[in-house]
Each structure stands twice: as C-alpha cells, then as structure tokens.
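K.L.:
Sharing a structure here in structure tokens format.
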Amino acid sequence: MNFKSTVITAMCCFFSFAVLASEKLEKPKLVVGLVVDQMRWDYLYRYYDRYSENGFKRLLNEGFSSENTLIDYVPTYTAIGHSTIYTGSVPAINGIAGNDFIIQATGQNMYCTQDDSVQAVGGEGKVGQQSPKNLLVSTITDQLKLATNFQSKVIGIAIKDRGGILPAGHFANAAYWLDGKTGDWITSTYYMKDLPKWVKGFNKEKVVDQYYKQGWKTLYPIDTYVLSTADDNLYEETFKGEKTPTFPRDLVKLKKENGYELIKSTPQGNTLTLDFAKRAIENEQLGNNPLQVTDFLAVSLSSTDYIGHQFAINSIEIEDTYLRLDRDIADFLAYLDQNIGKGNYTLFLSADHGAAHNPKFFADQKGNSGYFDTKAIRKDLNEKLASKFGVADLVKSLANYQVHLNYEVIEANDVEEDEVIAAAIKLLKKVDGVAFVVDMNEAAESSVPQILRERIINGYNFKRSGAIQLILEPQWFSGSKDGKGTTHGSWNSYDAHIPAVFLGWGVKPGKTTRQTHMTDIAPTIAQILKIEFPNGNIGTPIQEAIEQ
C-alpha cells in the first residue's frame, strides 16, 4: 500500500468514526400506557364484529398482541394490577398487597395510595391525601426519568386515584384523579402546590355536566345487543333514583341523587378521561419535549370497572361501554397521529384484572358458583375460635381473601399464633366454596397445584398480607347471597387473563400465543426505550413484540 492510499484509508476511517459519534439513538417522542380497568382478554374479540376499523381492530391489526398474558399473583385487584404493569414486579416485592391492606406490625388499615403527610390540591379532605409513598419499588416511568436525568415529563391520569398515581411512579411531574364530589380533576401537594392554569380551565368548563346532558342510551338499537342478557334482569344493580336497571337513562335527572359520582359509572367517564389526557398532551407539550427526550403519559380508564361491578359482564351496559370505548380509542389514536405523528409514539393497552360472571346468573345457567359471605364467615370463625381458646376477636379481617389475625389480642392473651392458624384452617376448610386454605408460613410446601403456589407466594407480602390465604372454587367470590353485578380477585382465567397489545414506534406487528405475564409489560417497554428495568422487576421482555 503506497503513502497516498494509506492517507485516504486513514481519512475514511476518521470520517466514519466521526459520523458514528454523531449518530443519535432514536427513541419515540411519547409513550402512552392505556390500562382499561377490568378488561377481560376476551373483550378484544367478543364484540370484534361490532368494533370500528380504527379502535381495537387497529391495535390488533397494526400492533402486536400477546394473546396469552396472565397475572402472576393473587389476589387480582386494581392497585396491584396497575403496580405490576408498571413495575414488572409483584406484591411480595413492590408492597402493594391490595387496594387496602393491613400493616401487620401495627394493625393499621392502609389504603394503597394513602399519605397523610400531603394535602389535596384542587379539592378538600382525604380524597387528595394521596401519593405513591406505599409503593416500594420503581416504575418504568421512574426509570425513564432517571435515564433522562429527569428531563422527561411523566403524567398519570385516571378517575381512580390509584389508577393515576401508581403508574406515574415516584418521580412524576403530576398525577391527576377525579373528585367525585365536585367533578373536578385534582392532585396533591406531593406533586405541586397549585393546579396548572390548564387544569383549572378544564375544571371551570364543567365538562361532566355536558356529558350528563347526553344521557345514556345504547349506541345502536337495543335489539341488536344479542351478545348480552336482556336489559331488565335480576343480576344488575340500579342507580340511586332508578326503579329498574334499564335503558335509556336520563343522567341529568339521576345526578340529583348521585351527584358527580355518577360519571364514574357511565361510558362518558372514559371519554372524559381521554379528553383530559388530550388537554395534558397539548398544555404540557408531551411528545414535543423541548429537550428532545421521550415523555410518558400513563392513562387508566376506570369507568369500565365501575360499570362491570354494577351491571356484570353479560350486561348490555358492558357491551355498549366497549362499543363506545372502541370509538374513544379510535379518536384518541387519531389525535396522537395528528399531534405526535404516526410512528412517533409507542402505546400499549392492558388491564389490571378481569372479572367473573355474576354467580346467580351462572347458577341459573346450571353452572357451579356461589358467594363467600366474608362478614358472616368472619363472625362464625371468631365465635368458634373463642370457644376453643377462650379469647374473642382473634381474627381481625378476611380482606383480600386472606385471614388477618389480631396480633394485639393474641399477644395480650398469650395465645400461640401457630395454634390459632391451625384451628382457623381446619374450620375454613369446611366452608362451602373454599378450595384451598394455605398457611403462608408454609406456602412453599403447601399441597396446592404449582401454578397456584407460585401465585400465592408472589402475592404475599409478609408486612402487609394476612397469615392465611383462601382460594375459592371457580365462580365463587366474596359477597352476600344473590348479590348484584360482579367482582374479581381470583387466580382463575376470567380474572387473570388480560390483554397486552403494543402499537407504534419500536413495535413489530404480529401476535404470539405463548404464555407471557403481566410482569413482562414493563421490561418490554424498557427494552424498546433502551433503559434499565424497574428495580423490582421479575419480568422478561416480549422479544417478538420488539422491532430489532
């Protein structure tokens, strides 16, 4: 090689390195998390033929769907689900052991986002005394803030406080939730001292009253809702002021007895949430960050859960809600396309849990089901334990399908904890609807199927969970005889099989039917963003969903 060619080669290498050094790592402008509260996986397909092309169908056709995503723990509740999605962790690690839980060391009842050290901003009282303080690990939103030296903006929005606070994490710029007394969006002093002007402006518009004027009638002729039970039935709860749980509904009239709480249990609650999310994008410049870093908007749609609890999963109300939600999602995606740019954002849709059929409905179809009357069973359990040990009130609570012992009483009366647990287990095994009763001190050796054992251990936080875990038979849940509506909390597929759909920047379209987990969502987003996993993560990125 002569001198001239050597110089040319050296110069080429120099400029190649210079180009490489100047290359910028491409990332999406915005990540949007959509959690649809109480959305069973099968809702993606149950009403598929009635969905528009640009809502759920667009997510499925243009995005990646993990069709067999399961929840890794029991019990399956809202606060735990939101925490798990955003942390890739489970209650044993992240500390969120229920919507409410008991601090075992003190016996104190604790709401998942309760923080008495902060005050409401935009509202009054305990409704605003909320923060992520009780969450023990970082979220994917926290990790984004850390990765960008806190230059990214992170905002959480949900009608439910826990649905906005827990996903937004510890380092969020803001989390907003709805004050049911006023219909206003509020926050707490954990985030700020005063509401931004744009939030105050939105609240002044009294958007909820505008939605009430629309009423609630079915989107299509009611006789086309053939996938649902007849409108007037015994399985649904009425609103205050209603004689029957039937369409159409005059929301202005119902407001007189239900106030602004009413919006939570109507499809317009989802519309309200997404309208507020759009306003946040515009005013906070989410996805158009002047520092050119990725922002994160965590949205939870709470109304699907309120409606499901009140009317159950086979109702016309649920079918109509999802048909309307499909339109809302289509509108929101179109908004993102226009304002952030199609292909410039990454979005995922999932759920915090599913829901069971109403037990009476299921029994009327000749299925096995029933109600576990927690209040009556606790009373009976305490009476029988008192007869054996000579001490009253040994059981404090049966919350979260767990037996919480009254340790103050046990210690004061010098009763052996192990003996109380053994006696309680023996009694509970005789109760109708109980499949398994597990001593949490011996969970790893318990004689239950492995999949159940793993979920029980994952859901157990020894500082915040009960001493005994109850597993009920399928289609049994906590409630009184002939209870209306539905609930959730079990390990069964109707509660624990959830959607996990990814769309947009960094996502490879397609689907998989292999088993994945709720804990896989956060690390998947982390890998797309090329940032570190949350610090309590146990999940694995869904590689098939990621554009390499």
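Glycine is treated like the rest: Cβ placed from N, Cα and C.
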K.L.:
According to Swiss-Prot, THR78, ASP352, HIS353 bind divalent metal cation 1; so which of ASP37, ASP142, ASP295, ASP414 is the extra one listed there?
P.N.:
ASP37
K.L.:
With LYS160, ASP161, ARG162 listed by Swiss-Prot as substrate-binding, which of these, ASN94, ASN99, ASN109, ASN233, is given for the same site?
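P.N.:
Substrate site check in Swiss-Prot: besides LYS160, ASP161, ARG162, the record includes ASN99 out of ASN94, ASN99, ASN109, ASN233.
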K.L.:
Do you know which of 62-70, 179-187, 458-466, 503-511 Swiss-Prot annotates as motif 'ATP-binding'?
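P.N.:
So the range that Swiss-Prot calls motif 'ATP-binding' is 179-187.
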K.L.:
Determine which of HIS488, HIS497, HIS517 appears in Swiss-Prot for the same divalent metal cation 2 site as ASP305, HIS309.
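P.N.:
It is HIS488, as the record lists it for that site.
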K.L.:
Given the binding-site residues LYS160, ARG162, HIS488, and counting only Cβ atoms in the protein chains shown, which has the most within 10 Å of its Cβ?
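P.N.:
The residue with the most neighbouring Cβ atoms within 10 Å is ARG162.
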K.L.:
Looking at the binding-site residues listed here (ASP352, HIS353, HIS488), whose Cα lies nearest to that of ASP161 (substrate binding site)?
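P.N.:
Closest by Cα distance to ASP161 (substrate binding site) among the binding-site residues ASP352, HIS353, HIS488: ASP352.
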K.L.:
With DSSP assignments reduced to helix, strand and coil, which class does ASP305 (divalent metal cation 2 binding site) get?
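P.N.:
In the DSSP reduction, ASP305 (divalent metal cation 2 binding site) maps to helix.
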K.L.:
Within 10 Å of ARG162 (substrate binding site) by C-alpha distance: pick out those among the recorded positions THR78, HIS309, ASP352, HIS353, and say none if nothing qualifies.
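P.N.:
Close recorded positions: THR78.
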K.L.:
Within 10 Å of each Cβ, count the other Cβ atoms, then let me know which of the binding-site residues HIS309, HIS353 comes out lowest.
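P.N.:
Looking at the binding-site residues HIS309, HIS353, the Cβ with the fewest others within 10 Å is that of HIS309.
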